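First the structure, in the form of structure tokens, and then the observations on it.
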Amino acid sequence: MTASTPSTHRLALLLAGLAMFGPFSIDMIFPAFPQLGHRLGVDQVAIQQTISVYLLFYGLMSVVHGPLSDAWGRKRVIVGGLVMFIAASAGCALARDLGTLLAFRALQGVSAGVGMIVGRAVIRDLYEGHDAQRLMSQVSMIFGIAPAIAPIIGGWLLAVGAGWPLIFWFLVAFSGLLLLATLAWLPETHPVQARRGLKPGPLLRDYLTIGFNPRFQRLAAAGALNFAGIFLYIASAPVFVMQHLHLGEGDFAWLFLPTIGGLTLGAFLSGRMAGKLHARSQVRIGFICCGLSALGNLGYNFAVEQIALPWAVLPIFVGGLGMALIFPILSLAVLDMYPAQRGLASSLQAFTQLMVNTVVAGVLSPLLSDKPVHLALGAAGFFLSGWLFWRWDRRVCRRQLREARMAASAGQG
């Protein structure tokens, strides 16, 4: 951290806000699904594609944001993404048919990833070690609020009576404030002398080098699959809340407040653990929480015919807690593998997660959301898969360490 580094708390708030406008674009429109279908004259399966299209383009563009920030600087790319997102959100608000809405949702997806992806690189540009973990945890704690409060805000905006376009006008205003804050507060953390070119050949080689690195694949898969255990419920929120729990359009808080509670508590504990508990131990505790969440969720869903509050959402709280303990460690581990290409590494990590999310939202959520027990089985499968990839990585690292020690001993002999 240098003298020119901004206040840590201000930077955490700004970076968390930049990461939030992406999830806001997903979750805020959930309460408007019935109204959207009625006004646009389409069924709910078609409306679900507003999420899938957004996530598809978010994921595809995520592999570009990082390299652009490595070549042009972090701040310039973030500002450009915000300007595009503001225009796309205004287009969504003015859309009067599904095709137009999907086109502007795609443009939202193209631009929304800059906050989260480039923001991670900013953190690692400015901080190292435990300081980086603390800031990443602070950002995660605030960022965790987004999926929880977005449907609540969406429900309130619908209650005003102005209709679903007001949700997108809110996104215009929110991202406009972020643009002003970025221009005023965010320093350029990637100096000109450290920037890399955008020549197609070397860039493609870098993509392949990182993307096919076995350790990168294990860490990215562990994080993406673990998050999918929670995201399955987020993507299925309209069905889970209104059909399975028999609640109304304004009652999404019953699902999302436990989610935010778990994520916030986990991120807070992660920040407090930095420098006091080994990173591997923290990840182990996180996966234990996810395992308890999966077992409790399965047990409850198999035991009752009709799920009800609070037991239907308590396991989601525990799973969110575990995920928030795991996420900062895995993210920093990936960034530390490529200190000269943090933007690109962050992009590929985000791409992995977002492609998994796209499959969850577009394929698995419609298939599994018909019954609560199917959602519980899906979430448990994701938590287990994430843990298996983490265990695989730890086993490989231990073997490589033993081999290195044996080689060193042989050399000394």
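Glycine is treated like the rest: Cβ placed from N, Cα and C.
Noted in TrEMBL for the protein shown:
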type	residues	note
DOMAIN	11-413	domain 'Major facilitator superfamily (MFS) profile'
TRANSMEM	12-33	transmembrane segment
TRANSMEM	45-65	transmembrane segment
TRANSMEM	77-96	transmembrane segment
TRANSMEM	102-123	transmembrane segment
TRANSMEM	135-160	transmembrane segment
TRANSMEM	166-186	transmembrane segment
TRANSMEM	219-240	transmembrane segment
TRANSMEM	252-271	transmembrane segment
TRANSMEM	283-303	transmembrane segment
TRANSMEM	309-335	transmembrane segment
TRANSMEM	347-367	transmembrane segment
TRANSMEM	373-392	transmembrane segment
When counting C-beta pairs under 8 angstroms to the transmembrane segment (373-392), the leading stretch of 77-96, 166-186, 219-240, 252-271 is 219-240
For the transmembrane segment (12-33), the distant same-chain contacts (Cβ-Cβ under 8 Å, at least six residues beyond its ends) come to 44, 47-48, 50-51, 54-55, 58, 78, 85, 89, 105, 108-109, 112-116, 119, 122-123, 135, 138-139, 141-143, 145-147, 150-151, 153-155, 157-158, 164, 167, 170-171, 174-175, 178, 181-182, 185-186, 234, 237-238, 249-250, 252, 256
The transmembrane segment (347-367) in contact with the transmembrane segment (102-123), cutoff 8 A, at least 3 CB pairs, sep 6+: yes
Are the transmembrane segment (45-65) and the transmembrane segment (102-123) close enough to be called in contact, which here means at least 3 C-beta pairs under 8 A that are separated by 6 or more residues? yes
Hey, which of 77-96, 102-123, 166-186, 219-240, 252-271 has the most Cβ-Cβ pairs under 8 Å against the transmembrane segment (283-303)? 219-240
Count, for each of 77-96, 102-123, 219-240, 309-335, the Cβ pairs lying under 8 Å from the transmembrane segment (166-186), and report the range with the highest count. 77-96
Integer mean pLDDT for the domain 'Major facilitator superfamily (MFS) profile' (11-413): 85
